[in-house]
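Please find one structure pasted underneath; my questions will follow.
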Amino acid sequence: MGFQAEVKQLLHLMIHSLYSNKEIFLRELVSNASDACDKLRFEAIDNPALLEGGADLQIKVSYDKEARTITISDNGIGLSHEEAVANLGTIARSGTKEFFSQLSGDKQKDAQLIGQFGVGFYSSFIVADKVTVESRRAGVAANEGVRWTSEGQGDFTIETIEKESRGTDITLHLRADEDEFLSHWKLSEILRRYSDHISLPVLMQKEEYDSEKSEMVKQDEWEAVNQASALWIRNKSDITDEQYKEFYKHVSHDFEDPLAWTHNRVEGRSEYTQLLYIPKRAPFDLWDRDGKRGVKLYVKRVFIMDEAEQLLPSYLRFVRGVIDSSDLPLNVSREILQESRDVRSIREGSVKRVLSLLENMAENKPEDYATFWAEFGQVLKEGTGEDPSNLERIAKLMRFASTHTDEPLQNVSLADYISRMKEGQDRIYYVVADSFNAAKNSPHLEIFRKKGIEVLLLSERVDEWMMSHFREFEGKQLVSVSKGGLDLAELADEAEKKKQEEVAESFKPLVERLKEVLKDKVKDVNVTLRLVDSPACVVVGQNELSPHLLRMLQAAGQETPDFKPVLEINPEHAIIARIQAAEGDEFADWANVLLDQALLAEGAQIADPAAFVRRMNALLLKSV
Ligand code: ADP
Ligand code: MG
């Protein structure tokens, strides 16, 4: 049978880009064997017959010097014929195709991407030029075993075999230069390094030095080379950072080290242990609705389910790890999880731990925190709407671009902002636009730049929505600078206020004329003091949808209300002074050009671009 196209690509890339890290194949195969045993233990809760009288789950690793093979065996759930074809010939994860289309051919970059994707079973082909999988699913007859064989080129063969013992044996036929793996010392060293956290015993045949043959000789006895106890149950002080990291790779299927973790035993109304990790890099399917999310749930050390998304809110969907409850029933289902009070308290407790972990990182490891924010900040922002009870803590974790730094990097916290507020300023100002550059160059910022007042620059998809939930921080209102009726009174002194009133009065006739010409296109026309360099801008009412949000809704094919902005003009600008003298068609051209250019500056589409160009050319000609 042929491999799915993406599998072929993955195999090719894996062999070439992960070669410098080739011993990870063993970690991946032991990790799968351990998952298979977890699954059997779980299915056996309802159906003890699956254990076929043998409940001692274990993993065996052996090698054969003559045949040049390594074999990894487990007595877990096994694979049926169909499962072998589906799981070892295709990649059944949503978004796989798109993921592969991003690969560039640059080894180093692609190695990182593959890491995000997870390496898994196919990593065996880094060291093997032929892999044989012999398996029998627990509970089926001995003559319904399956053998899967492939040379990792483009196809695999599959046949039915007789297999006495339940579970899976995977045999790697090593490539020509890989003889270093044919040693007890080498294999056990790799297993200790990468798989010590596996909770089942990983056994190897004992070897002793035979002085007559002057070489190591295999004994009948098998011994565990790992500690074989669930890592999260051990005392924190007995666990090394390396062990925490390797365990992370096992539970997350990630290739890279985690950024941080938190490990706690919680006692009280509800008892559980949590070991939660923050990844260093967003998985390729973070934005995919069907993507992997959630943590592994165990009950009293028995694996219950992967991706138990009920245990954490969606805005923390990047968290990976394990929660082991002492209270939940073993036969807990996803439906029960949704309603359980124990789950609710686990969830609340876990949110608090993750937020503390992030606060700690922000405080003590700002570089790590910057990495976190760049990867997952947009997800965390969803918490403003999803988890109002933790709004204050989430807000403190947010980082923004701002006019103070004028670079796209998001590294300004609200505390930074507040510490730089001007005397008399009691609001936090922000602007939302389609892109960082549009935000940074928004005409609405002119007066703020002139007065040296900082404005937060928001340009991510989630921002407009976020700001609709996030209106106040530490008693200070958050105010959009692009909304109408922007009250800058707090920033003006007495003389300025007086001037404003006089100006508004003297421009009344012009405002009336503009309203008359533009009456079908704008809601209102006002004089503003917020502009410095631009002659005009458009704004919307405080409670109206912003043009930016309207565009997003339109792009998503949604019906939107008719949009009529308010035009605001800058009385200090030479063009405004000049058009007071214009009459008739010329004045109408000016009025329309003012409105259209204000819309363009906002990033909006104008209704009739050809008319805009015609009018502008007419005006240009006159001034030549
Ligand atoms: P992952 O572990 O992320 O699911 P892998 O590529 O490591 O991906 O494994 C692919 C699939 O093959 C597994 O999900 C599992 O269904 C199956 N599989 C691999 N090894 C075993 C095994 N030892 N026993 C049973 N099934 C296995
Ligand atoms: Mg795996």
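Here the Cβ of each residue, glycine as well, is placed from N, Cα and C on the backbone.
Sharing the record's features from TrEMBL:
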- 1-334: region 'A' (REGION)
- 21-178: domain 'Histidine kinase/HSP90-like ATPase' (DOMAIN)
- E28, N32, D74, N87, S94, G95, Q116, F117, G118, V119, G120, F121, T168, R334: ATP binding site (BINDING)
- 552-624: region 'C' (REGION)
Which of the binding-site residues D74, G120, T168 have a Cβ less than 6 Å from any atom of ligand 2?
G120
Using DSSP, what's the helix, strand and coil tally for the region 'C' (552-624)?
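DSSP classes over the region 'C' (552-624) add up to 43 helix, 4 strand, 26 coil.
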Taking each of the binding-site residues E28, D74, G120, T168 in turn and counting other Cβ atoms within 10 Å of its Cβ, which one has the fewest?
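Among the binding-site residues E28, D74, G120, T168, the lowest count of other Cβ atoms within 10 Å belongs to G120.
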Helix, strand or coil: which one is G120 (ATP binding site) in, per DSSP?
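For G120 (ATP binding site) - judged by DSSP and reduced to three states - the answer is helix.
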